[in-house]
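Here's the structure we're looking at; comments come further down.
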Amino acid sequence: MTMVDGGDSPSRLEGKVSAIIVCWILGFGSLVSWNSMLTIGDYYYNLFPDYHPSRVLTLVYQPFAIGTMAILAYNESKINTRRRNIFGYFLFFASTFMLIVMDLATSGRGGIGPFIGICSFVACFGVADAFVQGGIVGDLSFMLPEFIQSFFAGLAASGAVTSALRFITKAAFDKASNGLRKGTMLFLAISTFFEFLCLLLYTYYFPKLPIVKYFRAKAASEGAKTVKADLVAAGIQTKDDQHGDSAIQFERLSNKQLFLQNIDYGLDLYLIYVLTLSIFPGFLYENTGEHQLGSWYPLVLIGAYNVWDLISRYLPLVKFLYIESRKGLMIAILSRFVLVPAFYFTAKYGDQGWMIFLVSFLGLTNGHLTVCVMTAAPKGYKGPEQNALGNILVLCLLSGIFSGVALDWLWLIGKKNAF
């Protein structure tokens with residue numbers, strides 16, 4: 001495939017700030033539905049007190065996310081990225097909307113039937129996450145590092161914003177009749193709106209930004225076929241190059257070679273999320289005991305994590321805080337595992353102040369280290385390789401989340417009425 005319209009250098013092109021803002025919104029939309037589910041966990045604990053909703057729903061979500069992501073990462077070079085991302089955001093939109101419909105249809109009743117229905121839509125969230133997160137990260141990996149940083153900041157912002165809204169809705173509806181349900185419906189309605197906004201922005205606005213067109217055209221000139229539909233949507237025509245030297249020109253490392261060259265980065269992401277998801281959110285809802293904050297306590301913990309996770313994703317923009325050393329990243333990530341005994345003993349003997357501090361530190365290190373790894377890894381590769389590596393790294397990240405979610409159940413060992 002040959003680029004027809006090459007364009008200017010990226011430093012002279014317009015749209016960088018707009019692209020950064022859109023990337024943030026796209027990241028926000030990639031997790032706002034799921035973070036809403038986590039944040040309204042108290043509503044589901046009220047409806048399904050015996051089903052461990054935060055743990056079960058997370059465990060339902062992850063196999064679909066990682067299974068779909070594995071298939072997509074293996075076939076990434078053959079997949080139309082535009083269709084992939086549009087389908088992902090549409091699935092997010094439809095599934096979130098159907099949660100509202102189902103709750104209205106059942107009048108907010110509990111029971112095994114509604115819980116299975118919720119689980120089915122959460123499984124759709126997992127499929128949509130794999131389509132969107134891998135597709136967008138792969139796409140942004142051959143653009144500017146600031147775009148990836150902004151996308152991952154948007155992911156964290158979805159958690160921080162939903163936590164803030166949860167405080168507002170709990171305060172507003174706490175004394176009202178059926179207040180928990182009203183707050184939940186508001187959450188899901190806001191999530192549905194943002195999913196629809198992401199669908200529109202990605203489909204019609206993002207592809208036409210000059211700086212985005214430049215990087216996609218550059219990737220196409222290096223042999224990427226995944227961007228062809230996006231270029232056509234932006235008004236840039238491409239054609240298949242049949243010349244004999246094109247095969248040599250477009251040679252790229254295989255997915256296996258890319259994985260082996262970046263196995264430490266993949267392990268970094270895996271270990272970051274194994275630790276984080278073994279604690280968040282199940283441990284925070286079920287293993288921290290009763291404190292002065294009462295029913296507000298798990299919401300405060302979730303909020304503290306989300307706020308510091310968001311703040312930390314902007315820290316790598318400060319040059320001296322950005323960790324570029326591969327060895328330094330691994331040491332920092334392994335050091336986080338001291339948090340496991342720290343959380344255990346704090347839950348058993350400490351007060352709520354120490355627990356809030358630990359949760360904040362968990363979020364701070366999670367966001368900062370994630371952005372450092374995701375922005376450092378693609379450097380030095382061609383466009384098609386960067387796209388493939390982005391998908392591989394998201395697969396490692398989701399693998400870590402899945403393992404962490406499974407390990408989260410270990411906290412229930414020895415607890416009365418745990419299963």
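For all residues, glycine too, the Cβ spot is worked out from N, Cα and C.
Automatic, uncurated: that is what TrEMBL annotation is.
What you see is a predicted model, and the numbers here were worked out from it, not measured in a lab.
Some features that TrEMBL has for this protein:
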- 17-36: transmembrane segment (TRANSMEM)
- 56-74: transmembrane segment (TRANSMEM)
- 86-106: transmembrane segment (TRANSMEM)
- 112-132: transmembrane segment (TRANSMEM)
- 144-165: transmembrane segment (TRANSMEM)
- 185-206: transmembrane segment (TRANSMEM)
- 265-284: transmembrane segment (TRANSMEM)
- 296-316: transmembrane segment (TRANSMEM)
- 328-347: transmembrane segment (TRANSMEM)
- 353-377: transmembrane segment (TRANSMEM)
- 389-412: transmembrane segment (TRANSMEM)
Same-chain residues at least 6 beyond the ends of the transmembrane segment (265-284) whose Cβ lies under 8 Å from its Cβ atoms: 38, 41, 52, 54-55, 58, 259, 298, 301-302, 305, 326, 329-330, 333-334, 336-337, 339-340, 343, 347, 359, 362, 366, 369-370, 373-374, 376-377, 392-393, 396-401, 403-405, 407-411
Beyond the flanks of the transmembrane segment (296-316) by 6 or more, those residues with Cβ under 8 Å of it: 35, 38-39, 41-42, 149, 152-153, 156-157, 159-160, 162-164, 166-167, 170, 280-281, 284-285, 288, 290, 322-323, 352, 355-356, 359-368, 370-372, 375
The transmembrane segment (185-206) in contact with the transmembrane segment (56-74), cutoff 8 A, at least 3 CB pairs, sep 6+: no
For the transmembrane segment (112-132): best-contacting stretch of 56-74, 144-165, 328-347, 353-377, by Cβ pairs under 8 Å: 56-74
Contact check, the transmembrane segment (353-377) vs the transmembrane segment (144-165), 3+ Cβ pairs under 8 Å, seq sep 6+: yes
